[in-house]
Amino acid sequence: MPQHSMGDKPLVSVPQLVVPSPPLAMDSACGHSPPSRQVSLGSPPSHGAPCPTAHSPPDSCNQPLCPPLTEKHGCRTPPEMHYVAAGPQSMACGWWAFAPKCLQAFNTPRGFLLFLCAAAFLQGMTVNGFVSTVITSIERRYDLPSYQSGLIASSYDAAACLCLTFVSYFGGNGHKPRWLGWGVLVMGAGSLLFALPHFTAGAYEAEVAEGVGTCRANRSVACRDSASGLAGYRLVFMLGQFLHGVGATPLYTLGVTYLDENVKSSYSPVYIATFYTAAILGPAAGYLIGGALLNVYTEVGRRTELTTESPLWVGAWWVGFLGAGAAAFLIAIPILGYPRQLPGSQRYVVMRVSETHQLKDSEHKAASNPDFGKTIRDLPLSIWLLLKNPTFILLCLAGATEATLIAGMSTFGPKFLESQFSLSASEAATLFGYLVVPAGGGGTFLGGFLVNKFKLRGVGIIKLCLLCTLTSLLAVFVFFIHCPNVPMAGVTASYSGSVLPEGRLELTAACNAPCACWPEHYSPVCGSNSLTYYSPCHAGCGGEAAPSAGSQKVYQDCSCVPQNFSSGFGHATAGKCTSTCQRKPLLLVFIFVVIIFTFLSSIPALTATLRCVCDRQRSFALGIQWIVVRTLGAIPGPIAFGWVIDKACLLWQDQCGQQGSCFVYQNSAMSRYMLITGLVYKVLGFLFFATACVLYKPPSESPNSLAASLPSQSSASDNPIDVRATPLALQLRSDV
């Protein structure tokens, strides 16, 4: 039985070490020049045994690998090779010394993917679901204007931009599961902090004013500044959102690279697509759960005369955040137990390096140093290496254009459907959710599946992104189609039913002049003549009819609503009149196509980013990409879409003489502005992907020839023994 002297502990079984030769692209991309094609660890060498040379043949695995202790005899390990001993305990799943065997069943890529998907689902449900759902209730409860609630929402992206460089740079060279686990804990703390104002602001009390809005009981809204002092809680909400952003930062940088490092290169897109699909399904669950909780009164257990239709109603917005905080702590515990590398992950390194974009810079030799990236002094060089990679820069810019459309449509997509089809806010949000969940989730997963199915590599992945962008670009032309506005008295039509010139408002007419209606009371009603009115007062309604159980509120004796019979006035029902647009199915189908092909390119673009940068810079590259995407896309996207959509407004809210939000949009103008914005960003994305495809330099050695030098997958997975090394993959096989 051969033994190898290492310290004072003999090894009973000595594995054979096979180091495959990397392709030429590795020398140029990562700056590593291997001294030999293969070296082996077998019997101890004799004193006269020659050392492996730089030009040893492929069968040199029979040559002995000289241990460091024999350097005095003239045999030494090449200086480029750095070996780091890693015992089996470093690959065990557990917490410090507690690593029971039952937990090792989860110590696989699939096990880690399960908990990572749970964390991404929770993040999407909390930030993109709960916060978006309850923002209106928070404004009402804590006397916040819209711009302050906008600051609350943007605090998440601001925190992510501030932390991305630090987390991706140091976390990429550190213990990724620990960074991820602590990030989930911080995110949970942010959720608990977000719910804190409910318990410290006192009980919510609101007065119910009977008959407000009708002709006989029209009351003005007092124009005075509120001195409740509740607006100061916006700082607590902003801090909670800031912690959400800090905690979620490792998920989409370190989580993605940890998955990619521990699975086969061809399987990586499927794993990443599954992870992103969970992140997309999270907001859908947040909308459903958050919407259901808003039907419960905020003071749980207390009786109230308010109904969910009342403008003063505040639902139980805080319950979801308490549950999210508790769930975050439960998810973080297993993630913290994962090792730095999963067992059997070393054999995948060479295949990733083989796809790295070729760059011929001597500075890349520094990136192959195992100590590179561990100190702040290497940060400028890391940024410079990424800036000199044209493929990476173009993929970042293409991602920013796609993020602009995704952020803008997710914010104003429900408003577009609400205006085009004359829906209520809840109906529009539900319909948009039915579009986004299958299109967004299905497109994300399908993108990763296609990369794996057709074994796309390098330029093939970028061409898939190019095809998806071109398809969605053509589908954007659907915004040429629009539904006509539902006639609204005094806004788009006169009280007699004739069309009003665009931009001319005549809310007051002879039929409602005695009512002295106030513009602050916007509560649209649908008259029996299929004409929408600004409020029951503007319809001239004298009062409410006795409501029946489960039915809509009906107003009677409406002087502005003509009656079909010989005598008396008509009636009106609460809510806008239903649209009879025949183009609704066509619009929905093409909007679905735009969404699915936009998300279809997300995972291929992410995979291309991981493949075009050096192996040691992948986490940092994702962090830089997320900064570019958020700075140029996610943050300004809603602002740009909101600005162009406001250009289509016909009727603005009047808040004591000050302009508020928009009540009614011109559908034709809204579609036209959406078309222009969509075309501009889609064309830019297409140009960025096309240029990246042209400038991408494939490796000089094909991946197939590299794969031939690797041991077979079956033999590689029989007895995986893991050793952390330089960018070379060290494949270990048992040799007893």
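Yeah, the Cβs are placed from backbone N, Cα and C, and that goes for glycine too.
In TrEMBL, annotation is done automatically, which means it is predicted and not curated.
Since this is a predicted model, take the numbers as computed values, not measurements.
The region 'Disordered' annotation in TrEMBL covers 28-54. Look at TrEMBL and you will find 111-131, 151-172, 179-199, 235-259, 271-297, 317-338, 392-412, 432-452, 464-482, 586-608, 620-645, 673-696 tagged as transmembrane segment. Sequence annotations record features per position, and here TrEMBL assigns domain 'Major facilitator superfamily (MFS) profile' to 112-697. The annotation domain 'Kazal-like' is assigned in TrEMBL to 505-562.
For the transmembrane segment (317-338), the neighbouring stretch richest in Cβ pairs under 8 Å, chosen from 111-131, 151-172, 620-645, is 111-131. Beyond the ends of the transmembrane segment (586-608), by six or more residues, the same chain brings 256, 268-269, 272-273, 276, 280, 391, 395, 398-399, 402, 405-406, 409, 413, 420, 431, 435-436, 438-444, 446-448, 450-451, 456, 458, 461-462, 464-465, 468-469, 471-472, 475-476, 478, 481, 483, 678, 689, 692 to within a C-beta distance below 8 angstroms of the stretch. By the count of Cβ pairs under 8 Å, the stretch nearest in packing to the transmembrane segment (392-412) among 235-259, 271-297, 432-452, 673-696 is 673-696.
Comparison of 235-259, 271-297, 673-696 by number of C-beta pairs under 8 angstroms to the transmembrane segment (464-482) places 673-696 first. Residue counts for the domain 'Kazal-like' (505-562) under DSSP (helix as H, G, I; strand as E, B; rest coil) come to 3 helix, 14 strand, 41 coil. Put simply, of 111-131, 151-172, 179-199, 235-259, 271-297, the stretch with the most CB pairs closer than 8 A to the transmembrane segment (620-645) is 151-172. 271-297 is the stretch from 151-172, 179-199, 235-259, 271-297, 432-452 with the greatest number of Cβ pairs below 8 Å to the transmembrane segment (111-131). Long-range Cβ contacts of the transmembrane segment (151-172) within its own chain (Cβ-Cβ under 8 Å, at least 6 residues beyond either end) map to 127, 131-132, 135, 138, 144, 179, 183, 234, 237-239, 241-246, 248-250, 253-254, 257, 373-374, 379, 382, 616-624, 626-627, 630-631, 634-635.
For the domain 'Kazal-like' (505-562), the model gives a mean pLDDT of 81.
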